[in-house]
Amino acid sequence: MLVVNNPAALREQIGQWRREGLTIAFVPTMGNLHQGHLTLVKEAHHHADKVVTSIFVNPMQFDKAEDLANYPRTLEQDCAALETAGVDMVFTPTPEIMYPQGLASHTFVEVPGLSGLLEGALRPGHFRGVSTVVTKLFNLVQPDVACFGQKDYQQLALIRKMVADMAMPIQIVGVPTVRAEDGLALSSRNGYLTTAERALAPELARTMNWIAEQIEAGDHHLPSLVAQASQRLDKAGFRTDAIDIVDAATLEAATDQSEQLVILMAAYLGKARLIDNRVVTLARS
């Protein structure tokens, strides 16, 4: 497995593979890898001859300097896991390589609408940082396919729209959320949980599933469901950040024409901000 940290070396290897007629799948990450990331890598192998990953803690997408400073950096362990998973090349740039003129003067990419909704409203600038770094990584790697987790539902929707709007010749593959046996969605942020908090954490998914069951049973009074779910989480020891039930296609308020809803959950448990989502198909008479 090749590990490179500068764009010239990355492009040289990509160019060689292209000359050999090989296809490339890409999995961008911020490191601190878990089984969910490795599932993305496994999926990537099904779509191309070569698999490239990146490990880059992107300062542009953090709205709090403290979160950026505290984000775990586990490069050595991550590279070992990726090599075992059969990755062909890992790109590990520094912020100075990705943003040589600094963040303030760097050109940015922003997806209108989706960047300011829901999670974007709670974390101003976050999705601008995501779309900018993903665009730059796409330009460097020039993949045929890129794999993203469905756990970050809004991020996946944003990247799909960006790729379509900008006519990027890249197939975006959404990969189902990987869960622990007790239902908790795997996340790098789960590492912030204490033992006691980890035992409570599956309540987020249970509450989400309860909402889904109510909707499937015909309860479409969404504000009431949100209020009950928030109360349930807060009673269990969470601090609810946001629960949104919106049209799964547009991420805007559901209408009579909505065919699917997505339940988007975000809540703090101790220091960790946990997210999850579930899509519900509406029964139409």
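Numbers here mean position along the shown chain, with the first residue as 1.
Any Cβ shown, glycine's included, is placed from N, Cα and C.
Quick caveat, the model's predicted, so the values are computed rather than measured.
Per Swiss-Prot, these features apply:
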- 30-37, 149-152, VAL178, 186-189: ATP binding site (BINDING)
- HIS37: active site, proton donor (ACT_SITE)
- GLN61: beta-alanine binding site (BINDING)
- GLN61, GLN155: (R)-pantoate binding site (BINDING)
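The binding-site residues listed here are MET30, LEU33, VAL178; among them, LEU33 has the most other Cβ atoms within 10 Å of its own Cβ. DSSP assigns VAL178 (ATP binding site) to coil, not to a helix or a strand.
Here the candidates are the recorded positions LEU33, HIS37, GLN155, VAL178, SER188. The one whose C-alpha lies nearest to that of GLN61 (beta-alanine binding site) is GLN155. Taking CA atoms as the reference points, SER188 (ATP binding site) and HIS37 (active site, proton donor) are 10 Å apart. Non-local contacts of GLN150 (ATP binding site) by the CB criterion (under 8 A, 6+ apart in sequence, same chain) comprise LEU156, GLY174, VAL175, PRO176, THR177, ASN277. Least packed by the Cβ count within 10 Å, out of the binding-site residues GLN61, GLN155, SER188, is SER188. Of all the recorded positions given, namely GLY36, HIS37, the one with the smallest number of surrounding CB atoms inside 10 A is GLY36.
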